[in-house]
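To keep things clear, I will list the structure first and then write my remarks on it.
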Amino acid sequence: MTMANGIKIWVLVLFLLIGTSLAISRPHFSATSAGLSSPGNREVSPVQQLDEPKFLGPLRTVAKWIWSIELGREKLRWPELEWNWKLILAMVLGTLGASICSAGGVGGGGLFIPLFNLLIGFDAKSSAALSNFMIFGGSIANVWWNIQRDHPFLPGHPLIDFDVVLLLQPNMLLGISIGVICNVAFPSWFITLEFIITLGYITARSFRSGLVRWRNETRLVQEAAEKTDLSSQAQERGQAHLAQARSSSFDVLTGCVLEESEAATSEALERLDSKLSWQNLCPKEGDEAIVPLLGESKPPRNFPYVKLLMLTLVWTAFLAVQLLRGGKSSDSILTLEPCGGAYWLLTTMQVPLAFLLTGWSAWHLHHALEEKNTPELELEEWDVIGPRAFVLFPSMALLAGFLGGMLGIGGGMIINPMLIELGMHPQLTAATTAFMVFFSSSLSVVQFWLLGRLQLDFALLFGAICFVSSLIGLHVVQQAIAKFGRPSIIVFSVSIVLGISAVSTTICGGFEVWDQFTGGEYMGFHYPC
């Protein structure tokens with residue numbers, strides 16, 4: 001199954017789950033519309049009952065019903081910051097999780113959400129908001145680390161593939177904006193179910209990609225060992241032939257120069273020996289004969305300031321929309337009515353904005369690749385930028401951003417396995433996705449703050465922990481890759497994060513949904529603001 005078909009199947013599953021959730025929510029709506037009080041102890045107005053004429057059709061009836069099922073709001077659980085064993089355990093587990101996540105360039109929201117929800121006691125949606133702040137702290141460390149390093153095969157080029165980032169980032173930010181709204185509107189059980197299905201599928205695909213790369217690396221190691229053995233054997237044979245040549249040359253010379261003086265003969269032998277010497281023909285590694293007079297030349301670093309400026313403008317444009325629109329805990333600078341006509345107009349403006357920026361990035365990249373017709377483009381790491389990338393990559397980014405914003409996992413856990421499966425080198429993938437997570441998580445943090453979902457004392461504490469832990473993890477993984485020569489370590493680290501996230505969220509989310517069900521809490525959809 002190709003990645004494009006996998007995306008289509010996932011989108012189909014998403015719509016099926018939405019339909020199922022609507023069906024499950026309907027009994028609750030029927031009860032409340034009959035005159036019962038809502039879970040929020042708010043009486044239902046007769047205006048909320050749906051008595052639409054038949055000529056309006058089923059679509060309008062369904063649409064009206066979806067937006068009228070909000071009869072109560074979930075209760076937020078924000079515990080106080082107290083130093084106890086739960087907080088200390090959450091800090092230790094967060095340190096370990098951030099170290100592993102930094103290796104793969106993923107956010108790690110699937111690990112952080114259960115810490116806040118299960119251990120500390122936050123509700124599911126506030127846990128998602130705090131996990132985004134942790135992701136933001138770790139992504140700052142990743143960007144600071146990777147921005148100073150060069151491409152592993154193209155000296156002078158940055159480790160971060162800014163062309164891929166430009167092609168993905170606008171739609172990633174659009175997806176996150178939609179996902180954050182859905183995080184507020186969708187019930188907790190729906191978000192938990194989506195989390196389990198998404199991470200379960202991606203974990204299997206990521207682990208399979210890691211196995212394929214591990215086998216390829218093993219084959220390359222074996223081929224390199226065979227070449228080393230052949231080189232050693234050739235060196236031994238060459239030394240034997242040279243020794244024999246020296247002996248034969250000595251016999252010829254001594255036979256031809258009997259009348260010459262002994263001094264002349266010795267001088268001739270010394271000249272012949274110097275010409276046939278194996279050590280002069282094949283200098284050893286580190287010999288002064290092979291060291292350039294001016295030292296090893298290193299190409300100048302080509303830092304893409306223009307591309308970075310373009311990405312900053314993309315982020316600023318999306319942030320401006322959020323500030324103009326406003327949120328729950330922050331008024332719009334234009335004093336717009338929350339969820340009014342202007343509010344939704346600004347929200348929908350992100351769609352043409354993302355498409356315009358993506359189209360401009362694709363056009364710029366297409367012409368840049370045509371002008372830069374060099375052998376560098378034949379490398380594996382550049383093969384991901386092909387004709388299909390201009391359509392497939394924005395679609396992947398939109399889906400990854402939506403899931404990241406809705407589930408609170410930053411988007412990197414979705415886009416990272418996709419890029420690896422498309423053939424991008426693990427080190428480039430980790431650095432590139434970490435840079436994207438930095439942009440996307442920062443926007444998510446701002447949006448969650450506008451929606452009133454952040455408790456700053458916990459956010460700052462765990463954000464700092466994630467920053468330090470990420471630097472430690474990056475250093476350890478770099479040393480491991482340099483020692484063992486296996487970049488697939490990055491792929492397996494991503495698989496581990498995904499697998500643990502799927503299991504922990506299944507347990508944590510299951511308890512959350514069960515408590516809501518047994519406690520008689522409202523489990524339907526909500527207003528998105």
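Using N, Cα and C of the backbone, Cβ positions are placed for all residues, glycine too.
Because the structure is a prediction, the values reported are computed rather than measured.
Annotated in TrEMBL:
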{"type": "SIGNAL", "residues": "1-23", "note": "signal peptide"}
{"type": "TRANSMEM", "residues": "87-116", "note": "transmembrane segment"}
{"type": "TRANSMEM", "residues": "128-147", "note": "transmembrane segment"}
{"type": "TRANSMEM", "residues": "172-204", "note": "transmembrane segment"}
{"type": "TRANSMEM", "residues": "305-324", "note": "transmembrane segment"}
{"type": "TRANSMEM", "residues": "389-416", "note": "transmembrane segment"}
{"type": "TRANSMEM", "residues": "428-452", "note": "transmembrane segment"}
{"type": "TRANSMEM", "residues": "458-477", "note": "transmembrane segment"}
{"type": "TRANSMEM", "residues": "489-514", "note": "transmembrane segment"}
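Counting same-chain residues at least six beyond the ends of the transmembrane segment (489-514), those with a Cβ under 8 angstroms from any Cβ of the stretch are 97, 100-101, 103-106, 108-111, 113-114, 117-118, 123-124, 188-189, 191-193, 195-196, 199-200, 202-203, 206-207, 209-210, 213-214, 409, 413, 416-417, 420, 426-427, 429-430, 477, 480-481, 523. Relative to the transmembrane segment (305-324), the listed stretch 172-204 leads the set 87-116, 128-147, 172-204, 389-416, 458-477 in CB pairs under 8 A. Proximity of the transmembrane segment (389-416) to the transmembrane segment (87-116) is established through 3 or more Cβ-Cβ distances under 8 Å for residue pairs spaced 6 or more apart.
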